[in-house]
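Novice: Sharing a structure, written as structure tokens. Questions coming.
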Amino acid sequence: MRVFYTERDLDLERIGTERESILIMSQFTNLFLVLSLFAFAPLCCFSSKTHGGYLYPQFYDLSCPKAQQIVKSIVVKAVAKEARMAASLLRLHFHDCFVQGCDASLLLENSGSIVSEKRSNPNRNSARGFEVLDEIKSALEEECPHTVSCADIVALAARDSTVLSGGPSWEVPLGRRDSRSASLSGSNNNIPAPNNTFQTILTKFKQQGLNVVDLVALSGSHTIGNARCTSFRQRLYNESDNGQPDSTFDQSYAAQLRTKCPRSGGDQNLFFLDFVSPTKFDNSYFKNLLYSKGLLSSDQVLLTKNEASMELVKTFSENNELFFEQFAQSMIKMGNISPLTGSRGEIRKNCRKINS
């Protein structure tokens with residue numbers, strides 16, 4: 001039996017073929033985009049050149065061989081006592097490195113001409129874990145006086161906190177020295193805010209030598225920890241100054257959050273950044289974004305405001321191992337932001353104040 005095709009049938013077949021080709025090309029384009037992004041985020045070597053010298057994992061092998069063991073033992077104890085402490089210590093490393101570089105300037109209290117970064121908007125009533133760092137410093141000063149910097153303690157505590165939460169490990173390049181100054185204005189201006197636009201956040205990362213891959217990977221640290229009501233209230237009630245909630249927020253999730261985050265009051269009420277596995281370091285943070293359940297605006301915009309970051313969110317949501325690998329690389333890269341090395345800076349005896 002002969003089958004006769006009309007001109008319309010042939011047109012439909014041609015259109016179907018073209019659509020299939022476009023779909024395949026789109027998939028390849030997205031894959032190429034992700035691969036090309038990773039090409040610009042090369043593997044970080046474990047020894048990194050800085051303006052004043054080298055950072056390398058073996059820095060204390062001779063001068064304080066038990067340094068990393070001491071840091072880890074105290075972090076283990078602190079996280080066992082309070083699981084939230086892991087996220088708090090990890091956050092301190094971010095907030096330190098984005099201001100003057102990774103120099104422990106965040107740890108300084110008000111003194112003389114120093115105005116503490118702890119008073120800045122990103123840190124006030126939220127930065128915590130300083131007592132854990134004090135305990136580590138005290139133990140290290142007893143083991144090997146005036147040797148291990150507070151800046152390196154912060155970097156090691158961040159790594160150990162990640163591992164204890166089930167996340168990746170990495171060798172931390174060491175050899176940072178401590179600053180003799182702090183920058184309140186730098187803390188207010190350089191650290192991305194929860195309500196910043198995507199472009200503003202990316203610009204702040206680029207100013208530190210980080211790119212969109214680092215931005216998305218490091219945002220994945222929000223797989224653990226908490227945020228205060230005041231950090232995302234605007235999304236619930238008045239996102240665009242029009243009296244309406246954020247349209248990119250899953251509305252049932254938003255309704256649930258409103259029960260404990262009212263229009264006024266309750267500013268310090270805490271909410272899990274990743275409600276699925278709040279104390280486990282994994283890629284569920286990225287899966288939440290795909291369901292419009294990122295808690296902060298700065299989380300959800302990774303999916304909604306930029307194609308490159310959107311593809312990275314999808315990639316990390318599907319591949320936990322790849323997320324872990326990139327997170328470790330980006331943490332090493334962030335830890336290399338403008339460290340003081342050589343004769344610059346000092347080794348503080350007390351992390352809260354400069355040496356007299």
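Cβ atoms here come from the backbone N, Cα and C positions, even for glycine.
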Novice: Name the residue from Cys64, Cys97, Cys102, Cys150 that TrEMBL records as disulfide-bonded to Cys144.
Specialist: Cys64
Novice: Taking TrEMBL as the reference, Cys261 is linked by a disulphide to which residue in Cys229, Cys351?
Specialist: Cys229
Novice: Rounded to the nearest angstrom, how far is the Cα of Cys261 (disulfide bond) from the Cα of Asp96 (Ca(2+) 1 binding site)?
Specialist: 29
Novice: Given the recorded positions Arg91, His95, Cys144, Cys229, find the one whose Cα is closest in space to the Cα of Ser105 (Ca(2+) 1 binding site).
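Specialist: Result for Ser105 (Ca(2+) 1 binding site): the nearest of the recorded positions is His95.
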Novice: Can you name every residue in this chain, apart from Asp96, Val99, Gly101, Asp103, Ser105, Glu117, with its Cβ inside 8 Å of the center of the Cβ atoms of the recorded Ca(2+) 1 site?
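Specialist: Here the non-site neighbours turn out to be His95, Cys97, Phe98, Gln100, Cys102, Ala104, Leu106, Ser179, Ala182, Ser183, Gly186, Ser187.
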Novice: For the C-alpha pair, I'd like the distance in angstrom between His95 (active site, proton acceptor) and Pro192 (substrate binding site), rounded off.
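Specialist: Computed Cα spacing between His95 (active site, proton acceptor) and Pro192 (substrate binding site) is 9 Å.
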Novice: Let me make sure I understand the structure: which of the disulfide-bonded residues listed (Cys150, Cys229, Cys261) has the fewest other Cβ atoms within 10 A of its Cβ?
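Specialist: Counting other Cβ atoms within 10 Å of each of the disulfide-bonded residues Cys150, Cys229, Cys261 gives the minimum at Cys229.
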Novice: Of the recorded positions Cys64, Arg91, Cys102, Glu117, which one sits closest to Cys261 (disulfide bond) when you measure Cα to Cα?
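Specialist: If we rank Cys64, Arg91, Cys102, Glu117 by Cα distance to Cys261 (disulfide bond), first place goes to Arg91.
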Novice: Closest of the recorded positions to Pro192 (substrate binding site), Cα to Cα, picking from Val99, His222, Cys351?
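Specialist: Checking each of Val99, His222, Cys351 against Pro192 (substrate binding site), the shortest Cα distance is to Val99.
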